[in-house]
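Please read the structure below before turning to the comments.
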Amino acid sequence: MADEMETKGEKKYKYSIIIPTYNERLNIAIIVYLIFKHLRDVDFEIIVVDDGSPDGTQEIVKQLQQLYGEDRILLRARAKKLGLGTAYIHGLKHATGDFVVIMDADLSHHPKYLPSFIKKQLETNASIVTGTRYVKGGGVHGWNLMRKLTSRGANVLAQTLLWPGVSDLTGSFRLYKKSALEDVISSCVSKGYVFQMEMIVRATRKGYHIEEVPITFVDRVFGTSKLGGSEIVEYLKGLVYLLLTT
């Protein structure tokens with residue numbers, strides 16, 4: 001589907017997929033396989049930004065490089081955990097695509113949606129296409145009621161205070177025109193999970209065209225969630241900061 005749309009537009013675009021990792025040894029090979037499966041006719045590269053995982057994630061990525069090629073799988077490791085926001089910035093420095101996709105490594109963002117992201121962008125010429133759990137066709141699988149209420153509440157609070165123009169402000173599965181991402185990311189100051197929220201708010205304030213694609217978010221299959229109390233506090237601080245500065 002994505003390849004057909006590219007052909008109609010004549011130009012063959014390249015996509016850089018940035019995947020930050022920390023202790024994702026059990027997931028990274030699966031998500032890479034699924035990306036190749038769903039983007040068979042698309043020109044893309046996968047940039048893995050690993051923050052010094054002690055579980056052997058980097059060794060698995062190196063094996064994937066031997067299988068798929070170092071030109072398709074790029075490992076850009078860092079010595080320690082430096083924050084999600086800086087991981088995107090680090091990956092962006094090495095991206096050679098016309099577009100940049102950011103997604104999680106834990107299989108909560110299924111690569112089967114990537115063709116829909118690409119199709120939506122090509123049809124609308126949007127600067128940003130973001131996945132949303134909160135429109136018809138979207139949803140969440142694997143969360144308990146408390147987690148769903150917390151996520152929904154955080155999103156409603158942000159919507160009420162910030163008016164971002166998108167239905168899922170706290171989502172982190174997005175496609176950007178590279179030039180738009182470079183512009184937006186240069187004005188962001190957050191480093192952790194609130195970075196995603198800041199990027200979409202800054203993009204809205206700058207007037208970028210944003211489209212949405214419904215997705216079903218699936219709770220991680222292997223490993224444990226890295227979202228805890230400190231991230232919730234960080235989110236609330238970030239919300240106040242954005243309210244005062246945007």
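Using the three backbone atoms N, Cα and C, a Cβ is placed for every residue, glycine included.
According to Swiss-Prot, the protein carries these features:
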BINDING   Pro20, Tyr22, Glu24, Val49, Asp51, Asp104, Ala105, Asp106, Arg133, Arg220, Lys226  GDP-alpha-D-mannose binding site
BINDING   Asp106  Mn(2+) binding site
BINDING   Asp106  Mg(2+) binding site
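Projection of Swiss-Prot feature records onto the structure.
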residue	record	DSSP class
Pro20	GDP-alpha-D-mannose binding site	strand
Asp51	GDP-alpha-D-mannose binding site	strand
Ala105	GDP-alpha-D-mannose binding site	coil
Arg133	GDP-alpha-D-mannose binding site	coil
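The Cβ of Arg133 (GDP-alpha-D-mannose binding site) lies under 8 Å from the Cβ of Gly139, Val140, Asp168, Gly171, Pro214, Ile215, Thr216, Phe217, each of which sits 6+ residues away along the same chain. Counting Cβ atoms from all protein chains shown, Asp51 (GDP-alpha-D-mannose binding site) has 20 others lying within 10 Å of its own Cβ. The Cβ of Ala105 (GDP-alpha-D-mannose binding site) lies under 8 Å from the Cβ of Ile19, Pro20, Thr21, Glu24, Asn27, Ile28, Ile31, Val48, each of these being in the same chain and 6 or more residues away along the sequence. Asp51 (GDP-alpha-D-mannose binding site) sits 15 Å from the residue listed as 'Mn(2+) binding site', taking the CA atoms of both as reference points. Counting every protein chain shown, the Cβ of Asp106 (Mn(2+) binding site) has 24 other Cβ atoms within 10 Å.
Other C-beta atoms found within 10 angstroms of the C-beta of Glu24 (GDP-alpha-D-mannose binding site) number 26, with every protein chain shown included.
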